[in-house]
Amino acid sequence: MTDPVGKLPSELDQLPDRDPEETAEWAASLDAVTKAAGPHRAAYLMRRSLEHAEGAGLALPKLLETDYVNSIPTAAEPAFDGDLEMESRITAWNRWNAAAMVTRGSRFGVGGHIATFASAAWLYETGFNHFFRGKEGDGSGDQLYIQGHASPGIYARAFLDGRLSEQQLDNFRQEAGGNGLPSYPHPRRLPWLWEFPTVSMGLGPLSAIYQARFNRYLANRNIKDTSNSHVWAFLGDGEMDEPESTAALALAARERLDNLTFVINCNLQRLDGPVRANFRVVQELEGAFRGAGWNVVKTLWGNAWDELFRLDTTGALVRRLREVPDAQFQTYATRDVAYIREHFFGAEPALAELAKLLTDAKIAECFYTSRGGHEARKVYAAYKAAVEHKGAPTVILAQTVKGFTLGKGFESKNANHQMKKLSVDEFKDMRELLGLPIPDSAFTDGLVPYGHPGADSPEVRYLQERRVALGGPAPARRVHAVALPQPEERAFAALKKGSGKQEMATTMAFVRLVKDLMRDKETGRRWVPIVPDEARTFGMESLFPSAGIYSPLGQTYEPVDRDQLMYYKEAKDGQILNEGITEAGAMADFIAASTSYATHGETMIPFYIFYSMFGWQRTGDQMWQLADQLGKGFIVGATAGRTTLTGEGLQHADGHSQLIAATNPASLNYDPAFAYEIAVIVKDGLRRMYGPEAENVFYYLTVYNEPKPQPAMPEGVEEGIVKGLYRFKEGTGASADAPRVQLLASGTAIHWALEAQELLAADWGVTADVWSATSWGELRREALECDEALLRGEQRVPYVTQALEGAPGPVVAVSDWMRQVPDQISQWVEQDWSSLGTDGFGLSDTRDAARRHFGVDARSVAVAALAQLARRGEVTASAVKEARERYGL
């Protein structure tokens, strides 16, 4: 790479120089060293000076990159606290069974990945034997984010310790029968084993950071002592290209999350080829993490390299390692020694002289297999350094060979991510390499056998003893949640009473309810308000002084609005997570809080409120992750609707989040029209999620910023609100034999329907009943269940069909959403059906203008109702034409 042009003046030019003559002498000394001893010697002296300055406590910026060597020299490694020979045998069995499981499954074409765990086996085994604390010890144990493609190795270890059977291994990726193993870490599919879903890639590292942060939140709020919990995230170097992987590095450093360690498996390969073909991914990652303020531990080279570094008296070897691009180093691992001598050592005379001192066997060992991530002692040293480091999170950059021990057909091959099986001969070669006592007779019908040393073997006893010492099996998920007491009815009374003549938006109604619930003596402290820097938009600033905004540092400054009642109050035990402008970060907060009942045995009630356009559309992948992780809580899309958020325009105008939410089976989606509906829905949600028969679901509510008078709750509507539909206002004012129509509306559209009801009666003599459709999605969910029951021979009528049974006339459905939202229920409505919606892109304008543009305002609803009646012959076609002209449509 070339130096950038147009370099700015040094910032040192802006600092006073108290002794320019001394400064010039230092610069001259450096020039002299460079001239006499060369640039490499001069650079070395400067590095040493910086290191010495850091040790002396001088406030200097750290280098973003260090040399391409191990951070911990062999001589400085701590004593290995274990039986290395025993752990080597255990690792060999795990390697074998992981490869065997995927290969056996390939008969059925279900896929699987072998090469990732092969490269990372020691990274996991060292942790399981020495560091990863289980949930049966002191505290909640550690939280393990396992790299998705390494799951076969975790299953293999669970088989060895007796938690999985051979039959279950044979059902890898075959779950329909009820005794299978999911492809990747999926708690919803295997809830006793997996805690944290890490696929799709990139979500694991982001979630790990916020999990470590939430651990501190619980401790700082005196809810749970999490001091013995450490978060470990196992990642791939290719995965670090996902924006989410590095999005919160600064947060982790800023909040000094030394309870967090990233272990990045740097096998230099992603799914199709090299991660950084023409560059060096380890150095790039080191720069990113050091620049963000992390502690970086590089574990690159195995012990075989020690001799080479000792013989390198000129520094030529280190320089060469730093300049060789990753793809070339990958090539060295696949070529013969002569190629390495020519292309690596032949780069400069000093290296050529060094190569003369090395045997072909030594060169082969170094370049083919000797990597830091493949040696237990070096991994142990890195992990120990990580857990002992204080004041910052740690990243371990462990270099490995992808496909290690799987044979030359796998190791370092670009295609090995897609290679799903080994041949019998390759397995036999692997058996010899690993030294496993598996006879040829075990290979029956061309099928590779699983291997197990025996339930009472030294290997299994050692493995189990280590886990007992560390607090039980891992990974493991445990649920000891106790049902929360339900809030007293008075918390919901204000919203059920209505607002009288005072106008209130449903966004404000929801915030008011949560504020009242946070005062509850039993459960108030368990609410976790989460907002991505829009609290004032949603009227939440009244919570600032009472609940406080969480900050692990407290408030080290005097806020500019300190003299105001609702000042910006940060506190170490603050309850609000005000995340700044990061919906992904806020969503990661929500996931950590919503699953605390399992992670820590502490049930929290998170509610996350955001601009509805920037929720499901922007972080939908995390919503799926939330469902997989069995999270619970309230997600609130505020300022909802295509036309209700005035003036903001296309990118803010949400007319489809309800539709996206409907694709998530764990999400119960509501679009309440009135404050009392919110009260009923939240009360029911607390019962369903946190009551004696708690369900693994979460709620999505869309609320609006359009102020309207909030009516008192009518009698007998609770069931309809929860199920999704009830008649809000029966039509009056027309003659008994007048044409009749049913208007179904959700959210703020209820007001258009009510106005249309008056227009139809006054101008056209048509009676209209207005229904509040609180949840199109729940109506559909229940109707689909009825259809499925019918296939089993059970006769069930969907609730929506029952509710509308006998209702005269056609149905016109309207909402501030795309027509597909209400159309979800059309097939179960026996009446003639039509819908109005806000299909298309949003725009900037007033509410009235936008609603006229999309054809959903009251006059458009009235004309749509007349059109339906005209099709039935109940009004004339001329009446429809006249209405359009009168209303200016």
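Keep in mind that glycine also has a Cβ here, set from the backbone N, Cα and C atoms.
Please treat TrEMBL annotations as automatic predictions, because they have not gone through curation.
Look at TrEMBL and you will find 1-20 tagged as region 'Disordered'. Residues or ranges marked as domain 'Transketolase N-terminal' by TrEMBL: 147-300. Residues annotated as Mg(2+) binding site in TrEMBL: Asp237, Asn267, Gln269. What TrEMBL records for 484-707 is domain 'Pyruvate dehydrogenase E1 component middle'. According to TrEMBL, the domain 'Transketolase-like C-terminal' annotation covers 724-857.
In sequence order, Thr116, Ser119, Ala120, Gly236, Asp237, Gly373, Gln399, Thr400, Val401, Lys402 constitute the residues six or more apart from Asn267 (Mg(2+) binding site) in its chain with CB-CB distances below 8 Å. Around Asp237 (Mg(2+) binding site), taking its Cβ as the centre, 26 other Cβ atoms fall within 10 Å, counting all chains.
The Mg(2+) site, placed at the center of the C-beta atoms of Asp237, Asn267, Gln269, has further neighbours from the same chain whose C-beta lies within 8 angstroms: Ser119, Gly236, Gly238, Asn265, Cys266, Leu268, Arg270, Pro274, Val275, Val281, Thr400, Lys402. In this structure, Asp237 (Mg(2+) binding site) belongs to neither helix nor strand by DSSP; it is coil.
Asn267 (Mg(2+) binding site) falls within neither a helix nor a strand when secondary structure is assigned with DSSP, and so counts as coil. For the domain 'Transketolase-like C-terminal' (724-857), the model gives a mean pLDDT of 96. Here the domain 'Transketolase-like C-terminal' (724-857) is broken down by DSSP into helix, strand and coil counts: 53 helix, 24 strand, 57 coil.
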